[in-house]
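Asks: Can you keep this structure in mind? I'll have questions shortly.
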Amino acid sequence: MSVKDVSIDPAVPELLEKAENDGLETVWHRFASQQPQCGFGLLGICCRNCVQGPCRIDPFGEGPQKGICGANADLIVARNLLRSATGGAAAHIDHAYEAVEALYQAAVGKAPYEIKDEAKLKAVAGKLGISVDGKDKNTLAREVAEAAFADFANHGAAPMKWLTATAPAERVETWGKLGLLPKNPDREIRTAMHQTSMGVDSDPVNLILATVKMGLVDGYGGLHLATDIQDILFGTPSPVVSDANLGVLDADYVNIIIHGHVPLLSEKVVEWARKLENEAIAAGARGIKLAGICCTGNEVLMRQGVPLATNFLAQELAVTTGAVDAMVVDVQCIMPSLADITACYHTKLITTMPIAKVPGAEHVPFDIEKVDETARQIVRIAIEAYKNRDPEKVRIPGHRSKVVAGFSVEAVVGALAKLNADNPLKPLVDNIANGNILGACGVVGCNNAKVVQDSFHVALVKELLKNNVLVVATGCAAHALGKAGFLTPEATLQYAGDSLKAVLTAVGEAAGLKAPLPPALHMGSCVDNSRIGDLLKALAAYLNVAVKDLPVAASAPEYQHEKAIAIGTWAVALGVFTHLGVVPPVLGSQVVAGALTGETAENLLGGKFYVETDPIAAAQGIIAHIKDKRAKLGI
Ligand code: NFS
Ligand code: SF4
């Protein structure tokens with residue numbers, strides 16, 4: 001295979017060559033050997049929901065048009081889509097639940113976490129209607145955790161509290177009228193699995209509505225809940241300067257990579273890596289370097305300044321450097337192939353969660369009550385492994401880019417407050433109204449082997465910035481922009497259109513940064529898409545309009561995971577025009593594809609999906625949408 005054409009990240013071809021020399025197979029080799037991929041699967045018209053199947057529909061209209069039970073293409077596509085969204089929501093909700101459990105255990109003194117952000121704790125309690133008066137932080141944290149548990153134990157008809165407490169009121173009303181308000185996240189997941197099982201729902205429209213509901217389950221029972229609780233436990237992020245790309249590894253140090261999504265253990269690994277520096281030095285290293293992959297990487301970047309190693313598609317190549325002593329994984333987006341790659345080097349692959357084991361890895365169980373011991377053990381395993389590192393096999397690409405991250409809503413409002421203390425959103429809104437900022441776009445989501453790694457993220461963002469569209473980013477998109485140098489003040493000077501540049505420079509100077517704000521603001525991990533939702537809610541409230549009326553858009557240019565399908569559906573439900581750069585498996589049904597990308601979604605929700613696989617055309621589509629919304633607002 002040609003190693004040149006798979007990524008725009010300069011570290012990738014170097015390491016891909018090394019991987020091939022070392023006799024290793026990577027995600028790109030396997031992608032090539034999967035070609036051509038199954039056309040039925042790509043269109044979403046294959047059903048395995050019962051054992052009479054698999055059944056598939058002939059997309060050309062000549063062969064079978066119905067599965068054995070009578071299900072047609074519309075039904076099969078709609079059922080498959082709901083199951084995907086449910087898989088994604090289940091991942092986020094399980095993640096959020098773990099965080100709630102940790103908060104509860106910490107509050108009752110059973111888990112060794114200190115509740116770091118009392119202001120956020122009080123703010124969240126306030127939204128939930130919990131009185132904060134005279135309560136110490138542990139009591140209040142316990143009550144907030146209990147309120148979250150109550151959503152999971154909701155057996156009545158009331159909607160999920162976390163949704164009604166945090167979503168815009170206009171949306172709650174709209175969703176309520178459509179009968180889409182979720183009750184108990186666990187129950188909604190169960191119901192969706194039931195609804196999509198053989199012989200239950202055969203109405204594709206009803207299934208599409210259930211998918212939208214699942215987007216709300218994800219948005220509030222997953223994303224928002226996880227962000228709130230993690231901020232309370234570990235602190236709300238504020239701007240931090242760090243680096244991105246594999247050049248952050250250092251041959252003279254013990255290198256530990258933290259990979260996955262849930263920061264409960266990785267926060268402790270960071271703490272213990274700092275505490276055990278001396279043991280690393282005693283082992284002959286100069287110290288310990290930590291670096292992150294995927295969203296655990298984003299979490300520890302935002303709160304601890306830990307550099308980003310790389311994003312989803314290059315996780316195997318991180319190990320191929322031969323310089324990683326331990327790769328510690330928790331859940332989600334962990335390639336099963338990692339064990340094959342680590343087996344070629346001295347690298348220890350350490351799994352930690354009971355639901356995410358990998359044959360060939362060492363399993364060090366995460367036990368919340370003994371998390372300090374677990375983290376200490378993991379760091380010591382890395383130090384031991386370092387002693388076995390073969391310097392002959394080490395090749396660390398020299399690429400690293402500066403990144404500024406940590407733009408929580410609180411941090412953004414804090415920076416703007418330097419311009420207008422009484423009315424922090426006013427400078428931002430004024431600059432949107434006068435056209436200095438044309439609009440904003442959240443660029444989010446994954447890498448996908450179907451797309452040249454990071455290329456869509458970067459080309460899209462370049463075009464948006466040139467047209468004065470402010471970008472906010474999360475997930476592996478934020479990694480991509482970080483590696484490509486878009487998360488820096490320098491990028492504002494290089495890429496932003498003149499009026500956007502002037503605004504970002506003025507805000508940066510007023511905020512005391514002595515430099516412009518970056519043109520793409522790193523707002524966190526994928527669960528932190530909730531932060532983007534909160535920012536939209538605040539802007540809409542300030543302007544006294546609905547989120548669907550704002551000149552904004554979202555884009556997942558290179559998404560791969562079911563989680564992205566759930567998040568995208570939530571964004572559309574919120575009223576956001578949501579671009580997808582990879583064709584979702586729905587084209588086998590005009591009913592489903594048409595409803596999600598057309599007037600049905602727009603009339604009911606105000607948002608819709610927009611599929612475009614060319615980055616420049618996608619940017620133009622997003623800009624046209626933003627201009628249309630501006631015109632409707634009369635600005
Ligand atoms: Ni989001 Fe983050 Fe990356 Fe995609 Fe995976 S890490 S949770 S799913 S691949 S962005
Ligand atoms: Fe075939 Fe129907 Fe069974 Fe699906 S549910 S596998 S379409 S018989």
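Just so it is clear, glycine is given a Cβ too, placed from its N, Cα and C backbone atoms.
Owing to the predicted nature of the structure, the values given are computational and were not obtained by experimental measurement.
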Asks: Select one of Cys38, Cys69: the residue that TrEMBL places in the [4Fe-4S] cluster 2 site alongside Cys47, Cys50, Cys55.
Replies: Cys69
Asks: Given that TrEMBL lists His261, Cys295, Cys333, Cys476, Cys526 as binding [Ni-4Fe-4S] cluster, which residue among Cys344, Cys446 does it place in the same site?
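Replies: The one candidate that TrEMBL places in that [Ni-4Fe-4S] cluster site: Cys446.
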Asks: From Cys38, Cys295, Cys333, which binding-site residues have a C-beta atom under 6 Å away from some atom of ligand 1?
Replies: Cys295, Cys333
Asks: Taking only the binding-site residues Cys38, Cys55, Cys295, which have a CB closer than 6 angstroms to any atom that belongs to ligand 2?
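Replies: Near the molecule: Cys55.
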Asks: Starting from the [4Fe-4S] cluster 2 site formed by Cys47, Cys50, Cys55, Cys69, give every other residue of that chain whose CB sits within 8 Å of the mean position of their CB atoms, in sequence order.
Replies: Arg48, Asn49, Gln52, Gly53, Pro54, Gly67, Ile68, Ala71, Ile76, Met198
Asks: Show, in sequence order, which residues other than His261, Cys295, Cys333, Cys446, Cys476, Cys526 on the same chain lie with their Cβ within 8 Å of the centre of the Cβ atoms of the [Ni-4Fe-4S] cluster site.
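Replies: These residues sit around the [Ni-4Fe-4S] cluster site: Cys294, Asn298, Phe312, Gln332, Gly475, Ser525, His561, Lys563.
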Asks: What's the CA to CA span in angstrom from Cys55 ([4Fe-4S] cluster 2 binding site) over to Cys46 ([4Fe-4S] cluster 1 binding site)?
Replies: 6
Asks: Expressed to the nearest Å, what is the distance separating Cys526 ([Ni-4Fe-4S] cluster binding site) and Cys38 ([4Fe-4S] cluster 1 binding site) at their Cα atoms?
Replies: 29
Asks: By Cβ count within 10 Å, point out the most packed of the binding-site residues listed: Cys38, Cys46, Cys47, Cys50, Cys69.
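Replies: The residue with the densest Cβ neighbourhood is Cys47.
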